[in-house]
Amino acid sequence: MKLAQFRILLLIATLVVAVDQLTKGLIVRCLKLHEALPVVPNFFDLVYVRNKGAAFGILANTEYRVPFFIITTSVAVVFLAWFYRQYRPDQVLGRCAVSLVLGGAIGNLIDRVRFGEVVDFLDVHWYQYHWPAFNVADSAICVGVGMLLLAQWRDGIRHQA
């Protein structure tokens with residue numbers, strides 16, 4: 001595969017990593033740990049928290065969590081690069097989806113290597129009912145997975161027709 005075929009991957013993943021790290025850096029500089037800044041009252045705050053675990057704090061208190069997350073994320077990054085190669089150049093949705101997931105994985109990997117945990121700052125809630133805080137990398141992963149499912153479904157329908 002030629003380098004030109006990796007343009008989408010490099011562009012989107014780099015953009016996700018850059019925006020993720022920039023926003024996390026701003027939050028760390030502008031807010032104190034656990035400080036919240038209401039943006040939309042009773043619905044959305046910017047908050048500075050750190051997550052030692054995976055999604056929803058899973059494995060946060062595991063002894064070897066940092067090496068575990070660094071190794072599993074590194075393996076995922078290699079797998080995603082391989083998976084990207086499986087898409088034909090005309091399968092743009094799938095390529096964009098994998099690129100988003102890869103960028104998000106790298107963004108959170110950078111935090112794990114630097115801090116041993118991930119900086120989260122987006123807090124969506126309904127009054128006192130909070131969804132766990134997340135970040136740009138998490139958002140890219142979720143959107144990318146959704147797009148990946150859509151791409152797989154769409155490709156499945158095309159093969160049946």
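Positions of Cβ are set from backbone N, Cα and C atoms, glycine also.
Database features (Swiss-Prot):
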- 64-84: transmembrane segment (TRANSMEM)
- 92-114: transmembrane segment (TRANSMEM)
- Asp120: active site (ACT_SITE)
- 131-151: transmembrane segment (TRANSMEM)
- Asp138: active site (ACT_SITE)
Contacting positions for the transmembrane segment (64-84) when only residues 6+ beyond its ends and CB under 8 Å are counted: 6, 9, 52-54, 95, 98-99, 101-102, 105-106, 108-109, 112-113, 116
Integer Å distance between the CA atoms belonging to Asp138 (active site) and Asp120 (active site): 9
Under 8 Å by Cβ from Asp138 (active site), counting only residues of that chain that are 6 or more apart: Ala55, Gly104, Asn108, Asp120
Conformational class of Asp120 (active site) under the three-state DSSP mapping: strand
Asp120 (active site) CB neighbourhood, other CB atoms within 10 A: 21
